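Working notes, structure below.
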């Protein structure tokens, strides 16, 4: 044995860490020996007679007997020697088996060396591997095969296990402890343990001939639960047993199937297995092959069917001489083949890393914490440990009793142990064996125990929340299972029998025990739980289990004195080493096992491991107290978790029946807190073994998680406290724990004498809050180990202050809850029921008459109570609650008669409160303002008063339900408020389903909003979207009716008023129609156009009260045209009716298309009848009158009789008045021209800004060019002072841009006019008789828009006026003398020149269609002539037209070459002029068209000049034939329509200028019939 004893001063002075100490066995003289290395040791692993060390830097040393090394074969080495083969690698973990070792490198590769007799080094063909050699772990199922990265390895006597980064287990070597589907050993190549595939394995360890794995629980399945079976699906034995003993009954559900794999969901015929081990008979331990395949398929993603079919299913453990194992005499040595060789605890660096990052998704059962009297025979070392590992090997000569006998004795002892009620408390609560012992017969049992027997295992209260919490991403999982497999001759598998298991099987006794660490000795196993308890099972020949003399085949709790919390375990051949916390934070080392004698020893250390008959410990020197502080933090957390667990198991699990909603919530929050603490405790423990960097601490990195959990927990306690829940818990507690409830008193550590049970319970539940101070204190202690200006120091300081301030905040919360509870006790009972709410806390109340209502009656009682969410005004029997979010309070100045008043405003009431003194007034004002501010900011988590504002904002967002207001009764408003009134954006919902979403102003809907009104009869909604004013629809909007009608237009006072369009029905419904026009108080009144699509009629005229009344025009799709008077929606009065063939009736009508009275009927040929008519047009007419056949000499009279259409139609100026009025009102004028120009410009600016803001929220509505237009419109052109030409052009450009966007009032006007114009003259409205009205309508638009333009630019001259001259131009004209010239066209102001370019292009299609229809006949004659003449070649045509020879072009240019014009040449002469003239069809406005004509003349002149090569002036006789040639060659189809359009819209000032003369030429050419008649004659003569 090696001895080491530090001097007292050495510990503080040197700053080393990772110092290794080893010792062998235990006797009173043993002292650990310090192994000196150049670097700190990170991990130690011990084998039977050797050890492996991992030092900082990733190097590996071996020591002890190393027979595989040539030079070390005979004598062992005490000095560690470096494994040079690994010096290039960075090793992260090591392991030692009985006679072989393993190492894992940073990149996940495995290196093995040592004895390889059984293939345990994974290298075929070698019996010994002298130096570390890489072993390939390859997943062959992947295509292509993938190398598997390994986290850690564990070594046994004849086998090795590896845990991959994907948390799967791989094994190689020999024996059934491999868990593989094979009978062929050794297995040289690492194979995956398929039975654990698909599960998340956290740690693996190896005993001498058995294996253990720590596995994360699967989340609970979502499928419906099947009824529980009462027989095992495999061995057909009962799952539940009842055993009668002398004085008690044992009921047990701990059936352990001997057949390895327990297939819970596959029912398979059981195979007889009784004789398997004793006789070695090969009976299959598996169900049928297919069932196995199904099960394996479910377990893993890759199907294992092939694997199972290749290997025979009669797999079993090849036991050589199995009889030796079971019937050996105690004196005889056990057969060599099963000599158990030991294993190392898989240790520090890696195992914990794999435990971090677990996510937990299922609930776990509460554990009863047994407070047992410990009689552990063992020694206490008190070092500052970091981790423990032991490894033991048992020599062949050590005697043991027969296993069967031991098991029998064990059962007998168990029977005796379970006979007292006290032991039931210890053993029960889903205890080790889930066994209930009932004294005497069932009838004598106390009702509570019976209740516990019959109670289903699922409790009424979920002690932990089921959902996956965010925290679990950063914390180790506590929901784990332990799986074991291999040989079980000593019960080391923990399944309650001595049978081997060929496949991993879950140990039932450990389910729900929160296992976090495993260790395996040669023939015994240990687990460590999150509650710092150790369970052990297997061989106990030297007391290594630490709980009784006999062995145990199931996990049992190791006995330790109360308050000892274990946090690392190690197991050797026949001994166990534990590292634990005692009363101080210095760790204690416990030893249990071989060579036990009395004595003790003290040191100061940091990590342990044991192996063979040796133990090793790693100690850290206390660098600046940093390690000590870390240990203190971890120890405090472990102690705290044990406390929480005991509260949960002793108290909460027994309060199940008393659960109300609030208590259930509290229990759930407690469970969450407890789970978080347990996970943090496990995390800290693994943190100690692994790293020394404070940055990994969950308490630091995820502080918000802890803070939130504590806040929620504290709120839950407060809520239960306020509702008097703790008083209600007193009785259930006394029922369960007796009258004094000492167990609860003891738990709560309550030291106050005479405290009631309710107070004790409150104290108990507030215990966790005190732990926040612990966090603060210990983090501060850690911070002192760092430099003050370092990042780590800052972080620790910040988090520490967060914990401290939360602790203070929660303390304040507790006081508030207690104050509120006290208040409810004194408050009159009736009101308490309706006002008492869990989350409601009292702030202050006026029972001392400090606050009264102004003008209250003499005997009235007015009690004001301020809660954290409402101000309550209580009277004798009634009370009113004012929610704080919608409460405004302001002080009233004290000048008026010394009153100390507060004005309180709520959405529906406003009242005055009088305080008794200035201080009371200030107190209440402050209290109300602060609580309002807290209510608005949410939970009011003000950790410091400084953050609070003095006054809550006047404008705020809140929700409120109206109860009084007649219009809003029952409605709920959610949105912005200003002093008691909805103001800003919000949503208002009425109980009947109506809903308004939009802006409010002073409590009323105002601005833009959406409004939905359910229509009960049609089961659809009416939907309005548009502008509001003073709570009513006002302005532009769209209303979609439930009936399918859609109105788009102006509203006023909730009614359609102004200009609007109503679409009714779809095209296939009964009466689809469209009306566009003026509305007055929801009715069609004024001018409007009604398109009745089904009847094919369009009416354009006046309306009154939804009826046609006054003058109007109707056109039909069959070409009928009527203009005249309407009355009561019918044609009634004088009118004119024309049919398509020009048959005309002029006279009286009595109904639609019904003639009645005097009139004249004119035939297309001029014959007419005068007289009295009756009947419907189109059917037989009754006529009484005279028939006239006009004489050829009556031509004068005929001319006077020609009909002037449009006389009885609505004058153009009367049309669309509402559209123009709306534009004026947008500019701020009550009537056209009445108002201020500056106001108009302001309104334009506001409109643009508002519209831009609206569109900024939804940018997709605006194109980029549109955005630019808006930007340029924001600059207002100068509109004061004389308008010069330059300024005139600026105005013109501004108007073009303004009319380009509907966001500008002018653009809006133009857009509407275009819409109504198209609505009128498209479709049925495309009737040639409407041409003149269409032209006049455009002219009226021009004059009315020009009026608006002149209003905006007051100095613009009126129509036909002259522009002012710029100063410099004036000088020029003066110097030239004072000649009076006719004004240039550019100087004259005209509405058409200014506005037609904007308007006409938009209206052109519908207008030009009318022209084409009107001029159809003339155009046809003209076109026929054009086609005929164009067949002639150029020279012939020129000759025919009488063009003088000198004007005939002689050459033409083709591709830059001059060519002679021949008699056959076509389309070559005057080609450029022809091309120019053809462009007339591509222009819109008369001025543009005239420009084209002018250019044509210029082109002709140019060509003639180049011919004559001298100046010359045209005479009309010369010019006319040439121009006629060009017109004919240009082939313009609708030239007549073009000419009419120019004539109608030509600027008056142009008529007598150059343009006018040119246009006249074209007109004459087109309209003079002689032109066309003399041409054909000439041609015929030739």
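Here the Cβ of each residue, glycine as well, is placed from N, Cα and C on the backbone.
Among the ranges 1341-1363, 1364-1386, 1387-1409, the one that TrEMBL lists as region 'Disordered' is 1364-1386. The feature region 'Disordered', as given by TrEMBL for the ranges 339-367, 368-396, 397-425, sits at 397-425. Long-range neighbours of the domain 'PH' (902-933) within the same chain, counting only residues 6 or more positions beyond its ends whose Cβ lies under 8 Å from a Cβ of the stretch, are 843-844, 849-855, 864, 866-868, 871, 882, 884-892, 894, 940, 948-952, 960, 962-965, 973, 977, 979-982. Taken residue by residue, the repeat 'RCC1' (532-582) breaks down under DSSP into 0 helix, 25 strand, 26 coil. Counted as Cβ pairs under 8 Å, contacts with the repeat 'RCC1' (480-531) are highest for 167-217 among 58-107, 108-166, 167-217.
Per-residue pLDDT, averaged across the repeat 'RCC1' (58-107), gives 87. Residues of the repeat 'RCC1' (58-107) grouped by DSSP class, helix first, strand second and coil last, total 3 helix, 25 strand, 22 coil.
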